[in-house]
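Note sheet for the following structure.
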Amino acid sequence: FFKITFVLLDVNNCNDQAVLIVEKTPFPMDEQDWNTIVSQCSLETLSMNDIYSNHILFPPEKFSGIKTTLINPCTEKHIAKYRDQKRYVIYETPDDYKTITLPYLEEQQFTMKWIFNMLEHKAEMDRIIFEDADPENGFILAPDLKWDGKNLANLYVLAIIRRKGIKSIRDLTSNDLPLLENISKKSYIAIKEKYGIDKHQIRAYFHYQPTFYHLHVHFIHVSYDAPASSAHLLEDVINNIKLVPDYYQRSTLTFTMKENNSLLKSYRDTYQW
């Protein structure tokens, strides 16, 4: 049983498909909400033994909502991303990046339209919680679609840079320290002002490989149980670059890939495994 599941849908009257992401919403934190749930719920008893009993609780309709995200129409890349598959560990050397990963990224067509729509105020303007308009070191800060925007213990926001051309941490050098430090400083302040959450309760990190190849930083509440096997903490990245200006061009980076990912196929073809 999973908290989140992914459903592939056929769209009526056309050949398109859609991906429906369905996620259980967090439990309420307010005492009055729990008074309402306990007083108005229905129970199905499963077992009883002495002082212990097991039940299925059916809350009032107000508290039984399910958070959903719809990708319509979806592409084969979306389907592959959300399909349950075996995973494999990749140890990407600098040469691997240059000869396998980078050619793959340059060959593939990854849509960035939704990102540029936000940056250019063509969509989702009301979701932006902070904005730095500087073309070189600026960024926007907005809630991730994974978050319902209400339960602060599950806070999840993204900082998306304005500058084009930085795909991932692999591209970062000492020239980008002003950008990274600007994101770090202003994002923590904005989150504190908007949500009242202190910097020391926030985890900020990059994914590698990222979900999309336009540099962005994840900011989540430390209580949020987010998958982080591919995470590189923002402050660690800044520190690494201060120590070695081209750290991310010289390092071997480890990440996991799903079985049907075409980048994984490139690695398997190269190393014959």
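Cβ atoms here come from the backbone N, Cα and C positions, even for glycine.
The model shown is predicted, which means the values in this text are computed figures rather than measured ones.
Features of the protein shown, as given by TrEMBL:
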| type | residues | note |
| --- | --- | --- |
| ACT_SITE | HIS216 | active site, nucleophile |
| BINDING | TRP114, GLU124, ASP144, LYS146, 207-218 | substrate binding site |
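Distribution of TrEMBL features across the structure.
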residue	record	DSSP class
TRP114	substrate binding site	helix
ASP144	substrate binding site	coil
HIS207	substrate binding site	strand
TYR213	substrate binding site	coil
Among ASP144, GLN209, the most crowded of the binding-site residues [Cβ within 10 Å]: GLN209
Intrachain C-beta neighbours of TYR213 (substrate binding site), sequence separation six or more, cut-off 8 angstroms: LEU105, PHE110, MET112, LYS167, SER168
Length of the line joining the Cα atoms of ASP144 (substrate binding site) and the residue listed as 'active site, nucleophile', in Å: 11
Closest of TRP114, HIS207, GLN209 to the residue listed as 'active site, nucleophile', Cα positions, binding-site residues only: HIS207
